[in-house]
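The domain 'Response regulatory' annotation in TrEMBL covers 3-116. Positions annotated as 4-aspartylphosphate by TrEMBL: D52. TrEMBL lists 127-225 with the feature DNA-binding region. According to TrEMBL, the feature domain 'OmpR/PhoB-type' maps to 127-225.
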Amino acid sequence: MAKILIIEDEMKIARFLELELRHEGYDVLICTDGRKGLETALNEDVDLIILDIMLPGLNGIEVCRRIRQESQVPIIMLTAKDDVSDKVAGLDTGADDYMTKPFAIEELLARIRVALNRKRNQKEPKNDILQIGDLKINMASRSVFYKDDELTLTKKEYELLEYMVRNKNIVLSREQLLNQVWDYEYFGDTNVVDVYIRYLRQKIDEKYGIHLISTVRGVGYIIKD
Ligand code: CA
C-alpha cells in the first residue's frame, strides 16, 4: 500500500484529502507546516508527497528544493491560485506535477496514480536481483543462490526458474512456460516443461528440503511468495 504525505496548512483541505486518499486505500500522513513536512519527507519512507506552496515555517518551493537534494520521491504541488510563477518555480525545483486549487479530487487521484506508476517503472530496470525466501537470482550475472550456496543450473533451467520467479504467485500453464522459455524449439511438446520442472525440483526443493515449486493439477505450475 502506497504511503502519501500531505503537507498543507489548511486543515479543511488536508482532512478532505486524507479522507479521499484513505478511501482509495492509501496510507496517509499529514503535516501542517513546512519544516515538519520536510523533516517527515526525509525521515519517513513515503511514496508520494502532496505539497502546498503557501506554508508557514518554510514555503513549499523551499521544501521541494530541499527534498530533491536527497530524494526522487514524486511530488505533486498545490498552488492556491492560478499563479504561473508558482507553477514554474515548483517545476523548476523538481516537482513532478502541480494542481491549482480548487481542484477536482478525481483529477488529483488520477495524477497520483500516474506518478506512482512512473515511480514503480523507474525502479524495475535498476533492480536486477529477484528474491524469493532464501533464494536469490542475480539477473545480471545469471547466477542463483540459496542462502550462500551457489546453484549450478543449465541455461534452460535458469531461464525457466527466472521466468517463474518473475511471475511468482501466478499459475503458469505448461503451454505458457513452453512459449516463454523455449520459443518454438519444442512447439507443442509440453513434456519438456515437466522434465525441466523435475530438474529444478531436484536441484532446489529436494536438495534444500524446501517447497518452492507447486503443481496446480490440470493447469500448470506456480512459485508462491
Ligand atoms: Ca497554504
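Positions of Cβ are set from backbone N, Cα and C atoms, glycine also.
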With DSSP assignments reduced to helix, strand and coil, which class does D52 (4-aspartylphosphate) get?
strand
Secondary structure content, the domain 'OmpR/PhoB-type' (127-225) (per DSSP, counts of residues)
39 helix, 24 strand, 36 coil
